[in-house]
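Before any comments, here is the structure.
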Amino acid sequence: MKFIDEVELELRGGKGGDGAISFRREAHVANGGPDGGDGGKGGDIYFRPNYGINTLLDLQFRKIIRAEDGENGKRKNQYGKGAEDTIIEVPFGTLVYENDKLIEDIVEERDYLIVKGGQGGRGNLKFKTPRNGAPFMNENGSFGEKKRLRLQLQILADIGLVGLPSAGKSTLLSVLSNAKPKIGDYDFTTLSPQLGLVKSSDSSYTIADLPGLIKGASEGKGLGIQFLKHIERCRVIAHIIDFGSKDKNPINAYEQILEELRLYDETLLERTQLIIANKEDLEDFETNLNLFRKKFPKLEIFQISALTTKNVNGLKNKLGEILSKAKSYRKKIEKTETTIVFEKDFEVVKKSENSFEVVGKKITDLVQRIPFNTYENLMRLNNKLKNLGVWEELIKYNVKNGDYVKIGEFELEWNNEISTYK
């Protein structure tokens, strides 16, 4: 499966259903009155983390995802059915950004509400009053939220395997865990992070095999920096180093990887670390091991042969033991605080000599919610706009009979007594 760790997409909550206008028509029931039901709620969109997914590939080509709309209200005070919510499965460790601000960090086993659906509109039963026993008024359902998002995956693994190309990371992962990575005798066999679940005698944990690092990885060379970010949440860093091949220098390999980690993020050097000396089955292993111990006498080294699986079970238990004492680095990334901006209810913009536009979310939402389908609805909208000061502001702009006033998606023809829908 192709590894994709960053995608952009647009999510749209479902629209609420429209409220109904209807009246009781039953035998032996005089003056039955209104019985129009409310519209149903539009569907929300949730992200649900799944341990079985470790790529954003499924979302790469889903540029727009829409939740379902709520049903319209019906006669006999029947409410419209609320829409089913839309669940999108994502990998654990997915970061959700809107306008480059972090809004969610998917690290817990629960559903995350990302986009809300619209509310259902009221039916005419809700508008009944002592003064108006038969109202011809209703509401449209509101639109759902719309968000343009960037998703970035930072894999959640307990242990990160790092090393130079061809150090044996993929082979080790395949014998340690249930993972089946591609294995070859050439550099960069692993082109993307591979996750595996390891079960030791008394614990289980996840381990990630990161593509081989080369000098300059922290500056973007090779495959390095593209995947170094995936080690940021690992609690333990396990260096797998080739100690057996004649043309390899374990000391240089270790120092090179340390330097790339330091250049990328020096706090990575504070993590619990283990040296895994691989290729014990080769003849130069002991010589290289002795030289390494002299250079780094305080480092903990565990000897294995991933190819023959020698000491692999012992390594499983050792990693589990180290992990039980390691500090957690799975702190949730702090979300960016939302700045509350107080905006005007509306603003009048003169487009031409006889054309004006009223802009402002409160006003456009109001016009969207009140249908232009009955005289009473038109009067209700007119009164609300008047009470909010819209008409007074337009008069200041010398609006005249016959001029056009655009509000939201609608255009009204101005009349000194009342605006009528064009």
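Placed from the backbone N, Cα and C atoms, the Cβ positions cover glycine too.
In Swiss-Prot this protein carries:
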BINDING   163-170, 188-192, 209-212, 278-281, 305-307  GTP binding site
BINDING   S170, T190  Mg(2+) binding site
DOMAIN    1-156  domain 'Obg'
DOMAIN    157-324  domain 'OBG-type G'
DOMAIN    338-416  domain 'OCT'
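This view paints the features noted in Swiss-Prot onto the structure.
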residue : record              : Cβ within 10 Å
G163    : GTP binding site    : 24
S166    : GTP binding site    : 18
K169    : GTP binding site    : 30
S170    : Mg(2+) binding site : 23
P211    : GTP binding site    : 26
K279    : GTP binding site    : 25
S305    : GTP binding site    : 21
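Each residue in the domain 'OBG-type G' (157-324) has a pLDDT score, and their mean in this model is 82. A straight line from the CA of G163 (GTP binding site) to the CA of S170 (Mg(2+) binding site) spans 11 Å. When secondary structure is read from DSSP and collapsed to three states, S305 (GTP binding site) falls in the strand class. Taken through DSSP, the domain 'OCT' (338-416) splits into 29 helix, 19 strand, 31 coil.
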